Amino acid sequence: MQFYSRRKKLIGNSQTEQLYGHCLQFYGQPPIENISLSEFETFAVDRLKLLKTVENLGVSYVKTSELYTKKLDADFSNLNFPYKIEASTKDDRKPQTGPSEYEKRRKDHISHFILRLAYCQTEDLRRWFIQQEIDLFRYRFNDLPSKNIQDFLQYNNLHYHTISIDEKKNLMDKLITSSFAVSGSTVEGQDFYKVPFQDALDLVRTRKVYLNGGYVYIPHQDIVTIVLNDFRTRLSKALALTARSLPAVQSDERLQPLLNHLSHAYVGQDYSIQKSIGKISLEQIDPLSAKSYPLCMRQLHRGLRDSHHLRHGGRMQYGLFLKGIGLTLDQALQFWRSEFVKGKVDADKFDKAYAYSIRHMFGKEGKRTDYTPYSCMKVILSNPPSQGDQHGCPFRHSDPELLKQKLQSYKVSPSGISQILELVKGMHYQLACQKYFELTHSIEDSWFSLNHPNQYFMESQKLLGGPGAGVKVEVKREDNPATKPPNPSPHQTPGPGNLPQEVAAEITEDLDSFFQDA
């Protein structure tokens, strides 16, 4: 069921202390309320955006640096997640200019559990989710004042107490000599926590703390290490338990389409509708492929030119990309026909066997779905190439030695190749592609986060001032009205379980279509 404004306020007041007593939590208790499918989707997409930002910034900047913190601050604020201590949610007399602190904490709580359902399915997904949630937790924990850290530890039954001023003075010399980056002046100005040594084995192993009588004395800046270890353990166990119960959740036809696609969903521009379509001519494709194509599309174009054929996966990936950069249906048919007839396919066979699929991807056949170009996540995570295929992500699916040879053939410098291969080794495939962009365009730092092959092309054309620079893209956001259920009647609680069957089916179909072509 849904909580309307007055009831939501009452429930928020009574449950804040129980469930949202602190702006930061271990997510130990699952949500107990019902929410609409629209809110389910919005919460999931917003948190996915946030975790993706955390991943990109974590590789681009030092995770505790001022610039890293500043950029994350902006994203937290835009997506309405709690990250700083704000006024108590009990005080509802103050005017609200946006979502209340209670609503932000509720969104944080529910969205975490939604993504648990999507990211518990495989070991790779669990590893990615745990890492991003840990980085997010570290950022938020480090922002807490000393008093609120104590409140958080007490709230979560972590019995780590600060030592008294007298005890600190008695241990002053030992704390200075045994603690990392601690001097006489800094000892007096910061808290030290007395923790059982078995809870701080990482710090003991690296000899960063003072150990005495079975306890270690941890400076304020290092207590996050202990808390993160606890959070990692809890989250890992929780994901394993969630995976066991996943079949029961997937049997719910309202959630199954969303959960199936959420783990590799793309939430940016979809590049499906061009306002300046036809701006790219067929004669420009070859020079554009060398200057402005991402490596995946450059590989597909080269493979097509060499063999005069691409298998289905390659035709879909490259065909939708070409559609996204501005080719019309007539241009696409001419382009594919002219290339295929150079091989083993004559014009008649092309019209019978291949022209239909091209018209289909433009929404002129079958269900008349206007298919969108593939995002980086879709290329990386779905339909991996087999022997003889050209599609996929070269940074994800190519052997490192073959990737190195390919980069050398495109005149990438040895130092640049080393940087790219290091990112690939760390499984940061989109960042490797972004580094390839910087190296091939001779810039120090790109100004965008790369999430889509067509985004790569557009940014390249902006930089080079080419024919694609003026192509504008219509953006399809997650708040598309088509994904929202109709307004309920005043006497009906608009939970998803109470929707008419035909309406629920329509919403599910809309959610499915929102993700399936991303």
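From the backbone N, Cα and C atoms, a Cβ is placed for every residue, glycine too.
TrEMBL labels come from automatic prediction, so no person has curated them.
Residues annotated as domain 'DNA primase large subunit C-terminal' in TrEMBL: 287-457.
The 10 Å shell around the Cβ of Cys376 ([4Fe-4S] cluster binding site) contains 25 further Cβ atoms across the protein chains shown. Marked as [4Fe-4S] cluster binding site by TrEMBL: Cys296, Cys376, Cys393, Cys433.
The region 'Disordered' annotation in TrEMBL covers 471-500.
Here TrEMBL flags 483-493 as compositional bias 'Pro residues'.
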Distant-in-sequence Cβ neighbours of Cys296 ([4Fe-4S] cluster binding site), under 8 Å, six or more positions away: Gln317, Val379, His391, Gly392, Cys393, Pro394, Cys433, Pro453
Local Cβ density at Cys393 ([4Fe-4S] cluster binding site) - other Cβ atoms counted within 10 Å: 26
For the domain 'DNA primase large subunit C-terminal' (287-457), mean pLDDT (0 to 100): 92
